[in-house]
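Here's the structure, in structure tokens; my notes come after.
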Amino acid sequence: MELTGVTSQSIFDDNAADIKLSWVAGLEGADRAFDVEFAREATSAADLVGHLNLIHPNRIQVLGKPEITYYQRLDDETRKRQMGELILLEPPFLVIADGMEPPPDLELRCTRSSTPLFTTPVSSAAVIDHLRLYLSRISAPRVTMHGVFLDILGMGVLIMGESGLGKSELGLELISRGHGLVADDAVDFVRLGPDFIEGRCPPLLQNLLEVRGLGLLDIKTIFGETAVRRKMKIKLVVQLVRRNDGEFERLPLDSQYLDVLGLPIHMVKIQVAAGRNLAVLVEAAVRNTILRLRGIDTLRDFMDRQRAAMQADAVSRGQGRLL
């Protein structure tokens, strides 16, 4: 996993309010980060944070009530040896959860070794879940793509195409028909799971849509709160093409896909021409995609009916010759 620039300080700043973290020792270790080799070999955020585990000392160590009770039961020599081994390998930081008080000798050792030590009243399980989700998000593959990203009938749809084809105008018409804007011009996509890509708007462009001749429109102010969305999963790409595009297929026999962060996203191409109602065509494409996700493929059904009709015709012709 890629965790360049992620330090104890940045993790604390991003999560202190959510899980009520307090920094009690090791302030000099603010720049401490994950071991580079360990982070590279980690396959998921579950490898990066967990309950106290001396077998995996390089990860974030969370100590709840059971771990603190175990620690306090150890004799002085064993406690000193085990914590010495843990601190020596420089974990990013330690968290004392469940509202437990940090043992004085552990706090002193963290201070001397500049190992950040946090405390929180939140349960250890909740701390681990929160930090795993946080690390998954910041380390996930991401890309910024050009287009208009909309919520159409509950489906995340990215409208793409060359400059000047009317993507923003089409987006504005779809918004006026009751659909929602996620982002215009630049869309930040992040892959959060094996089949899950989430799209968001960069903070600078939040709620804004740029239309030639009108300038920047604040969609939230003009159309209301329900006209904008914070995020959506991308399920469909609509590619606008010029009428003279030689690669356009009127009736594509094979499904078309666009690779987004290694995940194939279903794509449809729509020709832009005078008199065509693009908003209706996009809505129809979305409805058709919903049917495809339910296992209903209209084109395949038509081809099957056509094939059956041709076979029946061939059989009747053969019988006619025999007569």
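In case you wondered, yes, glycine gets a Cβ from its N, Cα and C as well.
In this view, His146 (active site) is surrounded by 13 other Cβ atoms within 10 Å of its Cβ, with every protein chain counted. Here Swiss-Prot flags His146 (among others) as active site, drawing on sequence analysis.
Here Swiss-Prot flags Gly161, Glu162, Ser163, Gly164, Leu165, Gly166, Lys167, Ser168 as ATP binding site. Long-range Cβ contacts of Gly164 (ATP binding site) within its own chain (separation 6+, distance under 8 Å) are none.
Using a 10 Å Cβ-Cβ cutoff, Lys167 (ATP binding site) registers 24 neighbours. What Swiss-Prot records for Lys167 (among others) is active site.
The Cβ of Ser168 (ATP binding site) has Val148, Asp184, Asp185, Leu209, Glu210, Val211, Arg212 as same-chain neighbours under 8 Å, each 6 or more residues away in sequence. What Swiss-Prot lists as Mg(2+) binding site is Ser168, Glu210.
Per Swiss-Prot, active site is recorded for Arg250 (among others), and the stated evidence type is sequence analysis.
For 271-276, the entry in Swiss-Prot reads region 'Important for the catalytic mechanism of dephosphorylation'.
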DSSP helix/strand/coil residue counts for the region 'Important for the catalytic mechanism of dephosphorylation' (271-276): 0 helix, 2 strand, 4 coil
From Gly161, Leu165, Gly166: binding-site residues whose CA lies within 10 A of His146 (active site): Gly161
Environment of Gly161, Glu162, Ser163, Gly164, Leu165, Gly166, Lys167, Ser168, the listed ATP site - residues of the same chain whose CB lies within 8 A of the CB centroid: Leu240, Val272
Cβ atoms near Leu165 (ATP binding site) (within 10 Å, other residues, all chains): 18
